[in-house]
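K.L.:
My questions all concern the structure below.
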């Protein structure tokens, strides 16, 4: 439970004062009837006279209707309510006798975030809501609201503090677990019903309002006292302190980490660099790599194609490629016998006598140079080849490439008879005419691939790949055929579905006895599963603990079947789906609440005044009871005293405030019991036993919509006992034994909490804000606060009434 205002009454004692003429800021007010646009909005709801003439009133009759806010209107409501913990529900109503209906409901899927209900069957007002621990909770207020009379009702919620007023009288004030108002998208708002099929309110409603402000009941009853500050104010102050503590702890941790990093940074200078082909480049440094301009940016090499500029060359020069460079540059030239030669280029000329003369281009002139001595060739003369740039011959097959070449990446050197040339590798094209630089050919984009149907072409350096489309498998490098996912078990069908192969995919169909879309199939039970049971296979129900039968329709009586052995001072009480050991009359629990009743101890009725002995007798305490003893020599009447009134011995009467309970006086003892409903008795009181009314034969539809119940039938659903009466479903929380302890836990799949001694195991704690914890960094934490343990990322710690409880989140560890 969230921390209340210290003790439950602390908020009331801080500041009291009358407030007169209380005004309401329109931005904090939701006038539900006006916003919904009744009566034209919903068929079957009509305007009628109300308690007063200041606003419209509407009759909600016993007919099918759908009074639901549009998504746009609902979102206007929720924008004011979302994540608010200080608001008041106001309504003026006149509810039909015995009707059990919902005044309004805010719910999403199966979760009721806020719902106000009035039960005429059990004479209760119920508030259903979601808690901060994401559990459903119902707060029950015994009160007769469905009496066909006008009432003004207000329910003020301030964090964990509830105040219920009826007709400007404070009826109840409680400290409860704080509601969770983080309303998700898709939440719906209903008025006068829970949904299209359940919770129909029958009667008249007027002045239905939601005020997002503290103590909004003042607008309905201006003469009431107002508390200051409210519990929500108090919660806010505590929360702010917790947040500041958490910020302080996180800031301290960050400063410590920053200091450690600064100490390391002082010892070195770090600069991002890039590495390419064994060379290291500094940040923002640029260089040329073949026919690409590259730059080091943030430690990554970024390159783009080099664009060569065609400039005019001066006289006696021309453009020519230079080794190691992509673009042509101006080079000196020589003109010799009508041909152009570049600087350093050689040419042979043979005289008429057959002598070889060697010329070389130098300083714009072809100059004769001495010829080199020629090596002796080891091949026949027929295999000897003359060269244009040397007076020496070579043998056929000479390897010019080993003597050096200018072929770059993606280009290979190839030998001809008299020289070496460059050639682009397969899958690459030349960037210039000498093939020294080459680029990849995108066969996919240019349509130069052989990929067939059912494939996708993917370009690779120097080649391409044919990838099979989804649902197909490979035949060869270029072809794919249909893939039968059903045969290879590569489908997403549910285990309870049949797989049917299709072209390029497959279909899933649920097996007989299951329903769903094929990827998700749920078992179907034709008779349904009652009392919270789950259908796990075709017509097979898995029953919750405490129930049995094909449809979980039978409650297991643990008390009569001998499963339970209660202490001699306790009785075994069988309840739908479970049991508990309850102290016998004359005993009460000592506060330990042991499961078997060992903590029951005797009540001294005589000392506490909880006896019914008349004045002419003497009360004598017994183990588990008392005795009204007549003093020696006196003639005692055997009368009883009940609610300060004398009841004669043998007298039977009906309680004034409960016509369905009968009491009797027997020799000084008063015994009361609930009236037994015998529907065979023609004089049965139909007020107390409405299930015996033959006129009320309407059936009820189960909440799941799969089952129908007759009037008078009962069942269990989500830890609530439900009953069908007059065609209406009325549900109330299962009775739980009192748990008056500091720490309690609600076990999984159970409906009632149990006491535990270890606060770290508890999910509900009576928080005491005076008890604090000291975390690992010596920061003081308030009870209820939580934090991530210093030096970890996945260890969450909480302060629970002075105890530090830490646990590791496995999902967090997986995400690291």
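Backbone N, Cα and C define each Cβ position, glycine as well.
Note that this is a predicted model, so its numbers are computed, not measured.
Okay, so Swiss-Prot annotates it like this:
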- 1-21: signal peptide (SIGNAL)
- 53: N-linked glycosylation site (CARBOHYD)
- 65-228: domain 'Laminin G-like' (DOMAIN)
- 225: N-linked glycosylation site (CARBOHYD)
- 293: N-linked glycosylation site (CARBOHYD)
- 298: N-linked glycosylation site (CARBOHYD)
- 397-439: domain 'EGF-like 1' (DOMAIN)
- 401-413: disulfide bond (DISULFID)
- 407-422: disulfide bond (DISULFID)
- 424-438: disulfide bond (DISULFID)
- 451-466: disulfide bond (DISULFID)
- 493-508: disulfide bond (DISULFID)
- 510-521: disulfide bond (DISULFID)
- 517: N-linked glycosylation site (CARBOHYD)
- 523-553: domain 'EGF-like 4' (DOMAIN)
- 529-541: disulfide bond (DISULFID)
- 543-552: disulfide bond (DISULFID)
- 555-601: domain 'EGF-like 5' (DOMAIN)
- 559-572: disulfide bond (DISULFID)
- 583-600: disulfide bond (DISULFID)
- 613-628: disulfide bond (DISULFID)
- 615: N-linked glycosylation site (CARBOHYD)
- 630-636: disulfide bond (DISULFID)
- 635: N-linked glycosylation site (CARBOHYD)
- 698-756: domain 'VWFC 3' (DOMAIN)
K.L.:
Residue 636 (disulfide bond) to residue 508 (disulfide bond): how many Å between their Cα atoms?
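P.N.:
Between the alpha carbons of residue 636 (disulfide bond) and residue 508 (disulfide bond) there are 85 Å.
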K.L.:
Out of these glycosylation sites, 293, 517, 615, 635, which one has the fewest other C-beta atoms within 10 Å of its own C-beta?
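P.N.:
Least crowded of the glycosylation sites 293, 517, 615, 635, by Cβ count within 10 Å, is 635.
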K.L.:
Please list, for the domain 'EGF-like 5' (555-601), how many residues fall into helix, strand and coil according to DSSP.
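P.N.:
For that range the per-state counts are 0 helix, 18 strand, 29 coil.
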K.L.:
Among the disulfide-bonded residues 401, 636, which residue has the largest number of other Cβ atoms within 10 Å of its own Cβ?
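P.N.:
Counting every other Cβ within 10 Å of each candidate, the maximum falls on 636.
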K.L.:
Which one is it, among the recorded positions 53, 413, 451, 466, 552, that lies nearest to residue 438 (disulfide bond) by Cα separation?
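P.N.:
So, spelling it out, the nearest of the recorded positions is 413.
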K.L.:
Which residue counts does DSSP yield for the domain 'VWFC 3' (698-756) in the helix, strand and coil classes, in that order?
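P.N.:
Going through the domain 'VWFC 3' (698-756) residue by residue, I get 0 helix, 25 strand, 34 coil.
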K.L.:
Could you state the whole-number distance in Å separating the C-alpha atoms of residue 583 (disulfide bond) and residue 572 (disulfide bond)?
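P.N.:
Spelling it out, the Cα of residue 583 (disulfide bond) and the Cα of residue 572 (disulfide bond) are 9 Å apart.
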K.L.:
Listed recorded positions are 413, 451, 508, 517, 615, 628; which of them have CA atoms within 10 A of the CA of residue 422 (disulfide bond)?
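P.N.:
413, listed in sequence order.
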K.L.:
Around the C-beta of residue 628 (disulfide bond), how many further C-beta atoms are within 10 angstroms, looking at every protein chain?
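P.N.:
Here the count is 21.
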K.L.:
Write out how many residues of the domain 'EGF-like 4' (523-553) are helix, how many strand and how many coil, based on DSSP.
P.N.:
0 helix, 10 strand, 21 coil
